[in-house]
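Notes to accompany the following structure.
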Amino acid sequence: MLEVLKTFAVLYVGLFAITNPVGAVPIFMGVVSHLAPDKRHEVAEKVSITVLVTLLTFALVGKWIFKFFGSSVDAFAIAGGILLFRMGMEMLSGKLSSVKIDEEDVTLEEVAVIPLAIPLISGPGAITTVMLYMTRESPPIVIATIIAIGISVYIILASGNKIIEKLGRVGIKVTTRMMGLILTSMAIQMIINGIKGAFGI
């Protein structure tokens, strides 16, 4: 049981760093700041459900994607590690997402899906990670991790106002840098594991 909890904690911290919902708070609040609290919570719920469904879908069909494209898990780990390393370096610089939203032609429901849920939170890095998790870890633990991330996304976005009040943009940048450090170390390890597997080292 202790080993299961340890694995869950490691996977959760890694996926939380990649999705970085705290870093998405300023953009989320910029879109919903004019809404009543209950409406903000509705949008946060739509974002979290979309994140959950997206990550679960790719986690469950990932092995067929590998087969279809004739890609090995090790090759995918190397490519994914490079992608995550780049993301981690951007986060280490304290860069907040530069996703732009044109509010004139879209509804809040559409914004909740694109770009807030995809690709801001459940982007290529998160999708790559859950697919690799499923090949290397116990599927029930991976699924539990994804569900926990979905719940975390909702709680953080629904509390966006309080988070900005407590942390401010500087605090959010510091948090983003911390997540970037975790992500960069994960990426390097992913690349090392991929190289070892590919060359039988």
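Even glycines carry a Cβ here, placed using N, Cα and C.
According to Swiss-Prot, the features are:
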type: TRANSMEM; residues: 8-28; note: transmembrane segment
type: TRANSMEM; residues: 49-69; note: transmembrane segment
type: TRANSMEM; residues: 73-93; note: transmembrane segment
type: TRANSMEM; residues: 111-131; note: transmembrane segment
type: TRANSMEM; residues: 140-160; note: transmembrane segment
type: TRANSMEM; residues: 181-201; note: transmembrane segment
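Remote same-chain residues near the transmembrane segment (181-201) are listed as 13-14, 17-18, 72-78, 80-85, 87-89, 91-92, 125, 132 (criterion: CB distance under 8 Å, separation of at least six residues from the stretch ends). Ranked by number of Cβ pairs under 8 Å to the transmembrane segment (140-160), the listed stretches 8-28, 49-69, 73-93 are led by 8-28. With a threshold of 8 Å between CB atoms, the same-chain residues lying at least 6 positions outside the transmembrane segment (8-28) that come near it are 43-44, 47, 51, 84, 87, 91, 96-97, 99, 101, 116, 120-122, 125-126, 129-130, 133, 137, 141-142, 144-146, 148-149, 152-153, 156-157, 160, 163-164, 167, 169, 172, 175-176, 179-180, 182-183, 186.
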